[in-house]
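Q: Sharing a structure, written as structure tokens. Questions coming.
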């Protein structure tokens, strides 16, 4: 009996000790933040804890996937909405010294919520207030802070020049920090490549709280954060980017065709020609289930979106020669400036003011979603497409985006940056399912895995490649506080192919103790 009482007392003492250890860590962390920052740049107003009435709203404001939200997460210690670079430095140093993990959030477009969730004690380092943009028209360059959105960047570029642009994504609310570090895919890809192909310098806070840039950054680290994801190596503060030339007149179109209108034949032909078209032309195909002629019956429609760096007359000639099956008409085409195409890609009516590019999220995410990705090396047989359509028709709301490669992407070596998906790809697929009822989550996740399995014979293999910016936990993951090298090799080989080993070597040099880690981070080579 005495032994039982002793054991119970011991358990109680350990429990009390654990509870008391957690609280001092929080207090020590907050005290450290105040001590590590200059009073001229006070950090107090940047810190949100569970005691703040605005804590929950701060947490959800920059998270766009309701599936990943957990406002009552007891592991979340604080949110630091940095307003000065020194706040970032202090957060890194203080989190490390107190054994607290960091999640870095810029635009909140993390498809699996890895930038704002964790199963171990953590803080969110929110970058959205660091949003300065400086344009140098003469040098055709810009500095853009990690918290600036792509819409803000595009607006600033257009205000400075009508014939300059940046090769980035079409979504205006993407944060520059995460979007660029994961690759940065957009509709200028065939002409100019992806975002990381135009990064020439960066400012990054390392594991010791130092700001590395220029000569101190190191060519190996600059290589790694261009496509390897910055959050494995430090905190991206800003990027120095090269801008690209665009003509004063750019032409866009959007054409829909259904199964009943023979879209399967058109899409098969699209596979044969889309990566071989002139590199000034980007022609996306977007299959999705829609209501048929009879409302109770669904069919498949494919929306063909195009952007051409030139006139409608030249575009019509190219399309009539290469894809007459689409039946493009002159009235389908709209000529406009490059900046105005950015609203077109967001499905705004033609002529919508580009001021919408400056809109930022003001509340919690309204929908749940799941995304996956694939790379296609050879055309999917026409007779096999029926299987794909059947799998898609099981969803209430999903679509694919078939994004063409070719052009300059065939000329950039796979190891030029950490982003490896270059020559040999016809197109990249994004799968996207959207729903609003939490009770439908299980079913939709199952359907996404089903269609991903259905597509296996038609996509890359050994490994089955994946795009880092379309974060997908299904391709492999580690627990928040651990790093299993064998598991890391699984997702690392899919995201980075032959570049994964070099990424681990860079990681070992700049973060040997693996402080910057999360479920799909890059482990140091020393873990081998």
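Glycine too: its Cβ is placed from the backbone N, Cα and C atoms.
Take a look at what Swiss-Prot says about it:
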type	residues	note
DISULFID	32-94	disulfide bond
DOMAIN	69-246	domain 'FAD-binding PCMH-type'
CARBOHYD	20	N-linked glycosylation site
CARBOHYD	35	N-linked glycosylation site
CARBOHYD	52	N-linked glycosylation site
CARBOHYD	72	N-linked glycosylation site
CARBOHYD	256	N-linked glycosylation site
CARBOHYD	340	N-linked glycosylation site
CARBOHYD	439	N-linked glycosylation site
SIGNAL	1-19	signal peptide
Q: For residue 32 (disulfide bond), just count the other CB atoms lying within 10 A of its CB, please.
A: 18
Q: Give the distance between the Cα atoms of residue 52 (N-linked glycosylation site) and residue 35 (N-linked glycosylation site), rounded to the nearest whole Å.
A: 21
Q: Taking the Cβ of residue 340 (N-linked glycosylation site) as reference, which residues of that chain separated by at least 6 in sequence fall under 8 Å from it?
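A: When sequence neighbours closer than 6 are ignored, residue 340 (N-linked glycosylation site) has 351, 354 within Cβ distance under 8 Å.
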Q: Find the one among the recorded positions 72, 94, 256, 439 whose C-alpha lies closest to that of residue 35 (N-linked glycosylation site).
A: 94
Q: Going by C-alpha positions, which of the recorded positions (32, 94, 256, 439) is nearest residue 72 (N-linked glycosylation site)?
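A: Smallest Cα separation from residue 72 (N-linked glycosylation site) among 32, 94, 256, 439: 439.
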Q: Please work out the number of neighbouring Cβ atoms within 10 Å of the Cβ of residue 439 (N-linked glycosylation site), leaving out its own Cβ.
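A: The Cβ of residue 439 (N-linked glycosylation site) has 7 Cβ neighbours within 10 Å.
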Q: Out of the recorded positions 32, 94, 439, give me the one sitting nearest to residue 256 (N-linked glycosylation site) by CA distance.
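A: Given the candidates 32, 94, 439, the nearest one is 439.
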Q: Determine, to the nearest whole angstrom, how far the Cα atom of residue 94 (disulfide bond) is from the Cα atom of residue 439 (N-linked glycosylation site).
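A: Cα-Cα, rounded: 40 Å.
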Q: For residue 256 (N-linked glycosylation site), list the number of other Cβ atoms lying within 10 Å of its Cβ atom.
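A: Excluding its own Cβ, the number within 10 Å is 13.
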Q: Quick one: what's DSSP say for residue 72 (N-linked glycosylation site), helix, strand or coil?
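A: In three-state terms, residue 72 (N-linked glycosylation site) counts as coil.
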Q: Neighbour count, 10 Å Cβ-Cβ cut-off, for residue 35 (N-linked glycosylation site): what number do you get?
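A: Around residue 35 (N-linked glycosylation site), other Cβ atoms within 10 Å: 10.
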Q: Could you state the CA-to-CA distance between residue 32 (disulfide bond) and residue 439 (N-linked glycosylation site) to the nearest Å?
A: 42
Q: Within 10 Å of each Cβ, count the other Cβ atoms and name the one among the recorded positions 52, 72, 94 with the highest count.
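A: When each Cβ's neighbours within 10 Å are tallied, 94 leads.
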